[in-house]
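> Have a look at this one.
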Amino acid sequence: MGHGSSKEDGSSCSSDEDAKPSRISRVKQRLRRHRLRRRRGSDSSHKKLFAAEDFAGIAHLTLINAEMKFKDKWLACVSFGEQTFRTNVSNETDKPVWNCERKLLLEKTGPRVARISVFETNRLSKNNLIGYCEINLLDYLTQDSDSDFGTFDLIDPGSSDKVVGCVCISCNVEDPIETEKNFARRILSVVDYDEDGKLSLSEFSELINAFGNNLAASKKEELFKAADKNGDGVVSLDELAELLALQQETEPIMNCCPVCGEVVEGGDQLNSLIHLSLCFDEGTGNQVMTGGFLTDKQASYGWMFKLSEWAHFSSYSFGLNSGSSASHILVFDRKTKRLVEELINTKIVLSMRTIYQSKIGLGLMDKGAKEILQSISERQGRQMNTAESAKEIPKFVEFFKDQINMAEVKYPLEHFKTFNEFFVRELKPGARTIASIERDDVAVCAADCRLMVFKSVEDSLRFWVKGRKFSIQGLLGKEVCSNAFIDGSLVIFRLAPQDYHRFHLPVSGTIVKFVNIPGCLYTVNPIAVNSKYCNVFTENKRVVTIISTAKFGKVAFVAIGATMVGSITFVKKEGDFVKKGEELGYFSFGGSTVICVFEKGAIDIDDDLLANSGRSLETLVSVGMTLGVSKKKPGSEGLPNLENCVLRN
């Protein structure tokens with residue numbers, strides 16, 4: 001091929017220090033090909049720096065095959081944390097074979113559950129989800145078994161007790177030393193021009209020169225001779241790989257990753273190992289799954305999605321902070337620690353943009369749109385209370401089939417005589433676990449919802465709420481607002497139409513009062529919340545409940561009406577002593593929002609919720625999950641003020 005073969009005598013390399021630039025550039029080009037291939041399926045998970053105590057290993061997951069109930073063309077997606085990967089498309093069969101693999105970074109406190117979704121691909125615009133399974137990788141990898149292989153049932157997304165097929169996987173944890181050797185071997189193979197598994201000094205020198213590390217270049221002959229134990233001028237890739245792996249740990253020969261070009265910190269062995277392993281993921285002969293997706297729905301879209309992305313008709317991003325441009329709401333599922341996509345009708349998205357994200361829409365609001373929304377909501381509310389509306393229930397459940405778990409619902413579908421009865425459905429006892437039920441100093445989530453938390457109103461305005469006039473005074477009204485609330489913490493629980501629409505108490509205490517505040521019925525979708533033309537939370541109809549607690553001081557619980565929400569119903573009354581987790585009330589048809597305002601310095605909100613909110617990413621939570629802990633020191637409540645005490649005889 002015009003380069004020294006691995007059969008050359010070592011003496012022919014005496015001029016390697018002055019290697020021709022053309023030869024070095026060709027090696028760099030070969031490395032860049034790997035770099036381009038990597039970027040097409042890139043992810044940023046390995047760019048985060050990890051401490052040794054957080055690192056649990058690198059899982060090597062292979063999606064082997066599946067058995068389905070009917071013949072079709074199939075693709076599968078693996079979602080883990082904030083990454084999703086997809087396989088190739090199989091031939092038309094009921095037993096698709098993929099043999100696709102991917103490496104996944106495991107953290108002790110990070111994502112554990114991998115979701116495997118299987119789609120049929122016979123649709124033009126998008127593919128159809130047929131079944132899925134969820135695998136706790138840490139549990140799977142630590143189980144007492146002699147085999148790396150496992151078979152898992154695929155569950156129908158519309159019915160948790162219906163199995164639609166099965167999928168076979170292989171999963172193991174890479175040995176760190178073998179990982180470094182494999183990486184080094186793959187890099188070395190770039191200059192193995194005759195592919196005989198051996199390198200000459202000239203081939204080895206070309207690679208070292210291409211790294212651009214002067215120190216390594218000065219030692220290349222020394223390194224090669226250390227590996228060439230029999231002195232025949234050629235060394236196997238395996239021997240050189242072992243040598244380079246050891247050298248990389250003691251005195252790194254690569255200043256930057258030869259695949260992606262990023263700087264590799266030689267003193268940080270753990271993160272160098274993680275980076276190199278994930279970046280040069282060439283597999284073991286199987287196809288590497290395509291990456292670069294955020295959710296399985298995004299990964300499964302067909303050519304229509306690709307066309308729309310190219311034409312900038314839609315875009316994916318965390319949250320919906322740029323409500324005027326994004327058409328997909330991505331939220332972080334706290335339970336599975338995975339990104340999920342919230343279903344919303346495209347026509348509705350377009351109409352909301354028109355109304356809430358433009359000056360024209362603002363003009364419509366000023367000229368009677370508020371009254372129109374009120375009229376539509378009242379009329380729709382009456383319609384959803386008729387017997388005829390019950391026929392919409394199955395359609396609604398089918399549309400949200402992978403987001404409504406009927407196994408948790410107290411009554412079967414045939415029990416509900418109107419759509420509103422289904423909308424305010426109850427859950428079975430025990431369907432939601434209340435965290436630290438015996439501890440009143442632990443606050444919990446008040447609803448099944450998408451949640452945003454902020455230490456202060458200033459934070460909420462910076463990361464989420466874009467209304468020009470939003471304030472705590474405007475939200476609570478003059479009757480209940482106090483100075484302690486003004487600089488307090490803010491928690492926004494947004495309920496989507498598919499959610500369980502009963503809201504619960506986040507804290508224990510006594511209900512002091514209910515205050516009704518009349519207003520509009522704007523949508524509470526993030527598109528409206530992020531509009532600079534209206535102030536959803538301070539203009540909508542709402543009810544403020546003040547709860548007096550021993551651990552958090554006073555807490556304001558604000559139930560906000562929205563488009564299609566005809567009423568807000570409470571099941572508690574003033575003067576009631578309530579326990580956290582108990583039901584407080586429910587919303588009738590439509591999506592809506594609850595906002596809790598804590599007094600300044602009253603609560604330490606959970607770090608993961610704050611971190612997500614800091615990047616405008618809503619967290620998907622369930623009733624009873626932890627929200628935060630009281631900052632009040634134990635024993636501080638009920639102590640007398642000695643300065644005001646008067647001693648008497």
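Please read every residue number as a count from 1 along the shown chain.
Glycine too: its Cβ is placed from the backbone N, Cα and C atoms.
Automatic prediction, not curation, is the source of TrEMBL annotations.
Got these off TrEMBL a minute ago, pasting:
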- Ser592: active site, schiff-base intermediate with substrate (ACT_SITE)
- 1-10: compositional bias 'Basic and acidic residues' (COMPBIAS)
- 23-150: domain 'C2' (DOMAIN)
- 179-214: domain 'EF-hand' (DOMAIN)
- 215-250: domain 'EF-hand' (DOMAIN)
- 1-44: region 'Disordered' (REGION)
> Summarise the domain 'EF-hand' (179-214) by DSSP state, stating how many residues are helix, strand and coil.
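For the domain 'EF-hand' (179-214), the helix, strand and coil counts are 23 helix, 3 strand, 10 coil.
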> With DSSP helix as H/G/I and strand as E/B, how many residues of the domain 'EF-hand' (215-250) fall in helix, strand and coil?
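Computed counts for the domain 'EF-hand' (215-250) are 26 helix, 3 strand, 7 coil.
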> Over the domain 'EF-hand' (215-250), what does the predicted model average in pLDDT?
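Within the domain 'EF-hand' (215-250), the model's average pLDDT equals 79.
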